[in-house]
Structure formats: C-alpha cells, structure tokens
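All remarks here apply to the structure that follows.
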Amino acid sequence: KCAHLRLVCQAEQKPYYRSKLWLCGITLLGLGEVGNFTAYGFAPITLVAPLGCVSVIGSAFISVFFLKKTMRTADILGGTLTITGIYLLVTFTPNVPQELTARQVQNYLVSWPFLVYSILEIIIFCILLYFYKRKAVKHIVVLLMMVALLASLTVIAVKAVSSMIALSMKGKMQLTYSVFYIMIVLMAASCAFQIKFLNQAMHLYEATAVVPINFVFFTTSAIISGVIFYREFQSAALLSVFMFLFGCLLSFLGVIIIARNKKEEHLQFYFIDCGHIPGQKLTGKIQPDSHSSCYGTLNKEDDLVKRQS
C-alpha cells in the first residue's frame, strides 16, 4: 500500500512491480505465508487459524508508521481485546500429538464424522453456488461463506501436507504415499477457488467489511474442521473448551472493532482544472438561459439557430 501511494505521487510513473518497496513487501508476505504453512505441521489447527488475528493488529499499528495514519482509540481497544484472546487461545489450546502420518490421514479421510461433514459442506456449498450463479446473489455473506467452506478443506490439506513433510525431514518418509499428493491437489484447488470468491468480495465491498467477516468465517470453519477431522478437542476438559471459545470470541470482537468505521485509503488521481487549460479564455455563458428555446445547446449553436432564422 505504501509503495502504491508513493508511486502515484511521482512525476514519472512506473509499474508497481519495479518498486523496491513493493518487492520487499511481497517478499515479506511470502515468508509470512511459509511460516504459516509450517506452523500447521507443529501446532493444532484450532490454535494456528485464530492466531491470524495477529496480522490484523500488526496492520493497524504498522500503518501508523508507514501510511502516517492516526492511532484511534478503537485500535487500542481492539488490540487489547485481541491480545487477551490470543493469551487464552495459547493457554487453553488442546494438547494433542502433532506427528501426523500418511496412514492416519487415510483413516481420517474415511471416518464417518468427516464423511458426514463433507456431505453437509458440499450440499451447503452447492446451494450457495446456485444462488451465486443462477440468481446472481452476490451478497458479502454468500461470497465469504463459500470462501470459508473452501478454507476448511484448505486447512485440512495444509496440515496434512505440512505434517508429512516435517515427518519426512525427520527420517520417517511419508512422501511415497498417494494421500500426500491427493492433499496437495486438494490444497491447490481449494486455494484457487478461495481467491476467486474472495477477490469478488473485495471488488464489490470495502476491505473494512470484508476483512473482519472473512476472519470470523475462516476461523470458525477452520476450528470446526480441526475438531471433526483431526479430533483436536477429543480429550479436552470442559473448562478448557469454554476458555478457548471465549478467547476466540475476544479475538473476533477485537478484529471487528479495529476494522469498524475505518476509512478506505484511495489513491489520488490528479487532473487538470478546466480553468487552467491554456488557450482562449471563455468569459461568455456556456449554457443558455433556461427560458430560451435553445436551452441545452452551446452558445455557438444558439447563434447559428438565430442566423438561420
């Protein structure tokens, strides 16, 4: 964002991908996603997915230094709630073994809870897709619910792929199993369609509305998929489950408060005022009097009509 704003202010316009600042930003973004991918191999989905709210806090505070935005009271309140929620998430996350083998992934894929969950998810997605395609319903909730349904498959596949790669690097080869490549295809396909619907939502609605709703939907679907597919809360105590959900609620509330009523930053496109165009200065009235018979025409056209009459 900072790179785009700087490029607009320059006299000599150049493509954004030639900007060193933009390249630095996209590189950091890629490294962050690599770290996010790796985290799924060492921690439960129910912990990694909600911690995505850290990026929202980081964006709010870093924009003060790079985009010269004003720190609002809502940013401080939302950041405090989100940090409190993160503390509860880390403290009460389920303690489950994270070494996930290809055999375990195969067993999870054919388990009846996941099959029932998959059927329900496919039905809901087809209904939403019908309204999106046939009825042209492009409400933000419809679009982001489709993104969330696809995201639940993405996090399942990402955790499986990341865990099998981590085990293979430790000497327990898992890359020879066909389920590893099935999960890679599922991860790539679900990510591609997520981008399609998320891009549509960003095109039709403001980011201040898309970001918090997408975070809430994505995190909820990821937690549900982690509970059903990987059974991450199978042996958790009731108090731990309650405090974990309370931490999620605080994180959701914090993200919504940070994004609420935040003004969109639009790029400024410069134009030349008509009064500053060099040439003959027009002192006459361009638009004729509203009571004239030639109302709606230019002065020269009005004179031509008079001469002809």
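Even glycines carry a Cβ here, placed using N, Cα and C.
Caution: TrEMBL annotation is automatic and unverified by curators.
According to TrEMBL, the feature transmembrane segment maps to 21-42 (among others). When Cβ-Cβ distances below 8 Å are used as the criterion, the transmembrane segment (21-42) is approached by residues 2-4, 6, 48, 52, 55, 98, 100, 155, 158-159, 162-163, 165-166 of the same chain, each at least six residues removed from its ends.
According to TrEMBL, the feature transmembrane segment maps to 48-67 (among others).
What TrEMBL lists as transmembrane segment is 74-92 (among others).
The transmembrane segment annotation in TrEMBL covers 112-132 (among others).
As annotated by TrEMBL, transmembrane segment applies to 139-158 (among others).
Annotation source TrEMBL lists transmembrane segment at 178-198 (among others).
Feature annotation from TrEMBL assigns transmembrane segment to 210-230 (among others).
The transmembrane segment annotation in TrEMBL covers 236-259 (among others).
Away from its own ends, the transmembrane segment (48-67) comes close to residues 1-2, 5, 32, 36, 39-40, 75, 78-79, 82-83, 85-86, 89, 155, 211-212, 215, 218-219, 222-223, 226, 247-248, 251, 254-255, 258-259, 265 of its chain (Cβ-Cβ under 8 Å, at least six residues beyond either end).
The transmembrane segment (112-132) makes no contact with the transmembrane segment (236-259): fewer than 3 of their CB pairs lie within 8 A, with pairs spaced 6 or more apart in sequence.
Between the transmembrane segment (178-198) and the listed ranges 74-92, 139-158, 210-230, 236-259, the one holding the most Cβ pairs under 8 Å is 139-158. Annotation: stretch 74-92 has the most Cβ pairs under 8 Å to the transmembrane segment (236-259), among 74-92, 139-158, 210-230.
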